[in-house]
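J.: Annotations for this protein, taken from TrEMBL, read as follows:
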- Cys99: active site, glycyl thioester intermediate (ACT_SITE)
- 15-161: domain 'UBC core' (DOMAIN)
Amino acid sequence: MTSPSASSRKTLSKIACNRLQKELVEWQVNPPAGFKHKATDNLQRWVIEVNGAPGTLYADEMYQLQVDFPEHYPMEAPQVIFVPPAPLHPHIYSNGHICLDILYDSWSPAMTVSSICISILSMLSSSTLKQRPPDNDRYVKNCKNGRSPKETRWWFHDDKV
């Protein structure tokens, strides 16, 4: 599951490069618990290992996040998806798309990759059910051809899972 190829994406602005380099150094010094950045030479796409928190439905499970940064990060939110197989969760679709408001409507330039990861781990940890969203099959069918989750008009109605 990938979004547009590196060659078709716009290059990062100087502000985005500086910000990401600063975040990467901070990550190396103080990584969020349960996450591991997989080193690559591509600053515009990060792959992050996610380990389920102990004592939760996802304990001892490992997943991967793919974070693609837009040209004008942090003014614009990154695209964050789970690389399939995605965890079974009421807000995570089988194609890896995540229904989480901070990735879309509630994004703030003050947020960081670390804060995104912590929010995703919190969402996973608070879940009491391992199941797909009720509209998973319809949504995934409509997302063929690499459609970005940022093109979706999400309806954030359930903060209990």
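Cβ from N, Cα, C; glycine included.
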J.: Around the Cβ of Cys99 (active site, glycyl thioester intermediate), how many other Cβ atoms lie within 10 Å? Please give the count over every shown protein chain.
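T.: Taking every protein chain into account, the count is 21.
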J.: Tally the residues of the domain 'UBC core' (15-161) by DSSP class, grouping H, G and I as helix, E and B as strand, and everything else as coil.
T.: 41 helix, 27 strand, 79 coil
J.: Give the mean pLDDT for the domain 'UBC core' (15-161) on the 0 to 100 scale.
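T.: Mean model confidence (pLDDT) across the domain 'UBC core' (15-161) is 90.
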